[in-house]
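Over in TrEMBL, the protein carries these features:
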type	residues	note
REGION	1-28	region 'Disordered'
COMPBIAS	18-28	compositional bias 'Basic and acidic residues'
DOMAIN	79-207	domain 'Cytidyltransferase-like'
COILED	238-265	coiled coil
REGION	313-371	region 'Disordered'
COMPBIAS	314-323	compositional bias 'Low complexity'
COMPBIAS	361-371	compositional bias 'Acidic residues'
Amino acid sequence: MEAQSSSDMLLSRKRRRESSTRDTEEAERLVKIPRCTVGLKHPAPFADELEPVTKKPYVRVNMEEAKRGTHPDRPVRVYADGIFDVFHSGHARALMQAKCLFPNTHLIVGVCSDDLTHTYKGFTVMNEDERYDAISHCRYVDEVVRNAPWTLTPEFLAKHRIDFVAHDDIPYSSAGSDDVYKHIKEAGMFAPTQRTEGISTSDIITRIVRDYDVYVRRNLQRGYTAKELNVSFINEKKYHLQERVDKVKRKVRDVEEKSKEFVQKVEEKSIDLIQKWEEKSREFIGNFLQMFGPEGALKHMLKEGKGRMLQAISPRQSPNSSPSREERSPSPTFRLPFFTKTSPPPSPPPHHSGARGYLVSEDDDDEDDES
């Protein structure tokens, strides 16, 4: 009994725990963000255009103090650097993570110049001014450092009063070093962020190179010249011909789709017409049979008319039983003065007055003739 009661208690606790977790998940799912205007109206300023920081000595904030929260006048200064070529959502997410590392964060973003980038990494799509401007318009950035160094030095960290450096934890080998952030990690100033998979500048460039012909034809169609696109005369004519062929194919495809839609509509309408015709035909046949069928209204009308005609032209029928001899009206009688035989006079009928003298009926005459 005790074992059973303990198992029941465990099951009840498990059910309560599952129900509570389910309720919390549903509550998290139903939580909505209130509508508010959080966007900034101005881009982030450049570090070389700001007033110098107060002459207070530079004292770093450790990780515990930063996580606990600092005074509003002393935010945690986090630095994140990069090339930020063809600025995309992966860059923005990394900067968002750096901004949200601590409750009170001042995010400083360093952007390397074209010379450094071309030397250590390769050619860029956007020049340095375009990359500076793109970073300054990111909502998470508080300050932009132009011409940022490739390797961070203690002097640079002290100049900008940097507390932590944010970057993904993957070792970044460059400039003859296995990891350019190794000394930052050893000093306890490294704050790791996560990379966004599936999106990078190299991936975007790979897509463009893979579909080079498509984008060249796209820009030629939008008014760019072959010289601006560095395309030869022959290739330009080839691209124009391909564009015309594709237009013809698209037209043929459109005609096929429209014809399919037309045929489908005709089939639907024909099915509707056939169904309506069947309904009307059934209704017509039913009405015809009700009028002209073997038990139709026309037959009853003809029967009634025939009966009325026969009744009009035929005389009235005589009674079925003829009256008896006694019930017959007496035949007319007349006197025979020379007849010697006397017979009692027949009783006169109630409606006929008796005649004096001898009355001889036609029957008596018949008997006399026979004798």
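Note: Cβ is positioned from N, Cα and C throughout, glycine not excepted.
No curator has checked TrEMBL annotations; they are predicted automatically.
Sequence-distant neighbours of the coiled coil (238-265) (same chain, 6+ residues past either end, Cβ-Cβ under 8 Å): 213, 216-217, 220-221, 231. Note: the domain 'Cytidyltransferase-like' (79-207) comprises 45 helix, 26 strand, 58 coil (DSSP; helix = H, G, I, strand = E, B).
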